[in-house]
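Quick notes on the structure that follows.
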Amino acid sequence: MGKMSNFQLGVIGALFLSVASSVSIVICNKALMSNLGFPFATTLTSWHLMVTFCTLHAAQRVNLFENKPIDMKTVMLFGILNGVSIGFLNLSLGFNSIGFYQMTKLAIIPFTVLLETVFLKKQFSQKIKLSLFLLLVGVGIASITDLQLNFVGTIVSLLAIATTCVGQILTNTIQKRLNVSSTQLLYQSAPFQAAILFVSGPLVDQFLTKQNVFAYKYSPIVLAFIILSCIIAVSVNFSTFLVIGKTSPVTYQVLGHLKTCLVLAFGYTLLHDPFTGRNIVGILIAIFGMGLYSYFCTQENNKKQADPLGSQMKEKDATPFLAPEKEDHEVKNSDKDSLV
């Protein structure tokens, strides 16, 4: 019971850190880009990852965590994939309307479910699927305002969905199968993510904004917000890997849509963004779907604990926000050190 309680406290902390840091960075970046006129999102993300790596490197040097070597090919491909997915998401926003971009983000959950079902042989109950459907409907009502399709934008969005889903599934799979912590994986992969975005970021941003990040005139207040954004990003990146490792990619996406609802609410409260009855109805439906998801996941996890033999014969992906990882899925260091 003590181990379970400690795990639950750890997951609660990870979820709180993820929500708080993500909402904070959205508000910070919105002020930076909308109010201060700094539109270079992809380049800013590369700076986030560089600062994250430097912070983790300093932490590792003072022995705050142990660096565990991971197969270089695995880490390199994983880091590049995550970097490419960020670029595709930003390009999706550039090529499509905001409504279609929101649809792209909503499609990540069903596509993740599909990939895990086909390739990882995970099974999702009808109750879990119903709760996810309600969640997606609610977020769609609250956030989608228009849908404008074009061929290039659709292709870019499909690539963004595929790379994001695979990247998040690998984040969970690598931590479990190679028995590494979220900190160790982020420390190993952040340089490759930063490198791919540092090279491609200015080109992507110039294509989308018709401005050059190196020719931009940086005022003191812009520099202050960039530094603040990079500091918050350390918590965002760390909590992302932590939450996916302790729960599942689908649970992380559910949490992400909770953040969307909170951002809408904070945007109305703090930034006086337009807010209608449609937004309120959508947020309420989404929160109801999240509640059902957490309840059904907890219910199914309790059944697994009551019948461990049955759960080994037929595994379901019912990872609730506070469910511990199954030790059966952890592989010893000597068994496997590469996924590629």
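Sequential numbering from 1, following the chain as shown.
In case you wondered, yes, glycine gets a Cβ from its N, Cα and C as well.
The stretch that TrEMBL tags with transmembrane segment, taken from the ranges 38-59, 104-125, is 38-59.
Between the transmembrane segment (216-238) and the stretches 38-59, 75-93, 155-173, 277-296, Cβ pairs under 8 Å are most numerous for 38-59.
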